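K.L.:
Here it is, the structure, as structure tokens.
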Amino acid sequence: MLSTLIKKMFGSRNERTLRRMEKSVMAINAFEPKMQALSNEELAGKTQEFKERFNNGESLDELLAEAFATVREVSLRTLGLRHFDVQLIGGMVLHEGNIAEMRTGEGKTLVATLPAYLNAISGRGVHIVTVNDYLAKRDSQWMRPIYEFLGLTVGVIYPDMSHKEKQEAYKADIVYGTNNEYGFDYLRDNMAFSLTDKVQRELNFAIVDEVDSILIDEARTPLIISGAAEDSSELYIKINSLIPQLKKQEEEGDEGDYTVDEKQKQAHLTDAGHLHIEELLTKAKLLDPGESLYHASNIMLMHHVNAALKAHAMFHRDIDYIVKDNQVVIVDEHTGRTMPGRRWSEGLHQAVEAKEGVPIQNENQTLASITFQNFFRMYNKLSGMTGTADTEAYEFQQIYNLEVVVIPTNRSMIRKDEADLVYLTQADKFQAIIEDVRECGVRRQPVLVGTVSIEASEFLSQLLKKENIKHQVLNAKFHEKEAQIIAEAGRPGAVTIATNMAGRGTDIVLGGSLAADLANLPADASEQEKEAVKKEWQKRHDEVIAAGGLRIIGSERHESRRIDNQLRGRAGRQGDPGSSRFYLSLEDNLMRIFASERVASMMRRLGMQPGEPIEHSLVTRAIENAQRKLEGHHFDVRKQLLDYDNVANDQRQVIYTQRSSIMAMTDTQEVVEMMREEVMDSLVDTYIPPQSLEDQWDPQALSDVLSDEFKIKAPVPDWIDKDHSIQPEQIKEKILALAIEHYDEKVRKVGRPVISQFEKSIILQTLDNHWREHLAAMDQLRQGIHLRGYAQKDPKQEYKKEAFSLFTMMLDNLKYEVIRILSSVEIQTEEDAQVVEEQRRADQIRKMNLMHESLSENDEASETQTFRRQEKKIGRNDPCPCGSGKKYKACHGSLV
């Protein structure tokens, strides 16, 4: 009540922001006549003038009006495009580090040039983030004339660039690239061997296009760089053959071996299922008779069973993935694109490969990872733009501290959004869609039919073929033809079926794409030929407008209202006419899981018959409530991911900062000396505990460890025999002196510069190995930490405590290992040090898998180099080589 009253008196926050910015628009417009009067040389010279004024103390905010006016005039002269007033407001929103919600067709690509130019004046760089490589290349080429006219350099990054090309690209004032590529480059930079190997500079200012897709839809899955772990293909194949023998429990209380939770996308074994799978595993000789699957020694077996169960119960061909060229290729649920190279982790991808009978690729070991949430929050300033952000404004504010400002359209939006029609069955729904498409065809109105899966798009395509309705299919299987299909989607009578339109990044122009038509002309085409093409396009354009503009048909509601709005937003661009309607059925996933009972009872009360639709605001509200519930659930998942990743992020920052400082050092002597002192102190404390009696000391064991591990001859028992009053601190001093003397001998042999090079290589190599193992330990901790809730403990607090303990242990082990190697390895020449460095590089420069929910179509993961053991592999049921008499899996094998 009070908030409504305040809004009436003062306007909403959005209205107040727009009013404030309108004053700045007036100031920019006041500069326009001055800019028009300047020659090209004078206009280009403005950049140098702005840089000097900035260096002399003027802020970017003070330069904004004149800089924006400069960009607008240059854009008009180079591209023939003049920024509208609403685009200037969008540019200001981005410059202030917020999100501009701008409808489809309002020129977001052009808007980005304003804040990009202004912030590039500081010389600290600007990153413009797109959802795929095609858009990064297209937008950088399209906007390049503006930047280059003004004396700025433009770079574009994409996966198959050479290291040198990428370094050059990042040096540019303004860089275009995908979210994945920026993130992976950051991780790769923190696995680099020297500062000169790094490609990125400071993360200064990012402008994220389709910000909702990148910062929300893709936030649940981290970016991961991984290498191949051990081959266990046979185990996947054996377990895969057992899963079809399990029976699904349809209803609670029914018999069955496993249950499926579609909301959480999980499959769980029932009590009967546990017994059944143990029986099957025993028959397959994977489990000893009478042994439990839950025994500590069978953790890996349980992991394989869970992965196989999930692969069979939850992941479906042509919905979650496709099989292409004998490989399982994931389909991104948000964009409908295939993701070559992206792989599910936790052994799930291998389980799906076993299910489909394609070659099984090795499991992956995480080498480095980060979430987009933590990556983008590292930028000094972050902003974004999209057509649909307002529904997620709370999440943007909570997680990224970004305000959403809804920018008014340049022309009034006249698209007609019709109420949803709900049918009892999918068959009725699809029949109604066919009728709607046919009616549009009669009046030559172009239609875009949106589906949520490849399966649905292909099913609909089959129905249209039966009715002899010509159409194009745009889904993950045919994205190579994407630009061509989109260019023709606005032609009179065109019918296009498209899986999720999020992130397509190309406008559907009524009448078809004039630019595409002109591009098809020969290079030496005359002006008359060009005019003829333009006239033909204008005729088609007018015909489509007369038919009602683009018709949008949604074949199913998405889990997120925002994705539905993105589909609708394809029509009605820049004041064009258009219409949209969603056709639903009670058999649709969203309705079936969340809203079917309520809507079904409503339909029964209204006496609905098969084939008849219901169109009612109550139904629409019930559907939107279901979507809100799901959006809330996904927000909680993302928030929880962030809470856990924040712990790992603090550790990541420490490691990466330390790594960079070590790479920057020319002399590592001080670091090694500090490590040596800590390691020797800790070693003495282990065998001669502080505040302990002499009877509790174990001087011989201490001497043995020093000799065996560090090649230091320290007769500790003799020291104690000669001086019974000797204190632990004195022993520490003696041991440290011997350790220094032992190491100084090595330094004298080869010289300090060679030793420093060797030290740096060993520290970085050991750090990388221990960090990799630590990431695996953190993953395992994360997997089981929720069980602490059953013991009335807060899992997040427990995770923080245990993660800190693991991190401390990792650092201690790291120091111990570095000093052990440095003390025990003999270095004869400078070549020896270089060999170690080359081995380290070879070890890490194996080709890595890059994994994320939305790798673009070009991001193909390379093959990984697999380690082959020389000796025979120890079987799980073989005697443990340690001599304990136990089976390997119950002894040292339980740690593997």
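Cβ from N, Cα, C; glycine included.
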K.L.:
From the ranges 556-582, 853-879, pick the one that Swiss-Prot records as region 'Disordered'.
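P.N.:
Swiss-Prot lists region 'Disordered' for residues 853-879.
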K.L.:
Let me check the 10 A CB neighbour count of D507 (ATP binding site). How many other CB atoms are there?
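P.N.:
Excluding its own Cβ, the number within 10 Å is 18.
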K.L.:
Let's check the environment of G107 (ATP binding site): how many other CB atoms sit within 10 Å of its CB?
P.N.:
19
K.L.:
What's the number of neighbouring CB atoms sitting within 10 A of the CB on E106 (ATP binding site)?
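P.N.:
Excluding its own Cβ, E106 (ATP binding site) sees 24 Cβ atoms within 10 Å.
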K.L.:
Same-chain residues six or more away whose CB lies under 8 A from the CB of T109 (ATP binding site)?
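P.N.:
Same-chain residues close to T109 (ATP binding site) (Cβ under 8 Å, separated by 6 or more) are D139, W142, M143, D209.
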K.L.:
Taking 8 Å from the centroid of the Cβ atoms of Q87, G105, E106, G107, K108, T109, D507 as the cut-off, which other residues in that chain fall inside it around the ATP site?
P.N.:
M102, T104, L110, V111
K.L.:
Can you tell me the three-state DSSP label for D507 (ATP binding site)?
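P.N.:
For D507 (ATP binding site) - judged by DSSP and reduced to three states - the answer is coil.
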K.L.:
Select one residue from Q87, G105, K108: among these binding-site residues, choose the one with the most other Cβ atoms within 10 Å of its Cβ.
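P.N.:
The residue with the densest Cβ neighbourhood is Q87.
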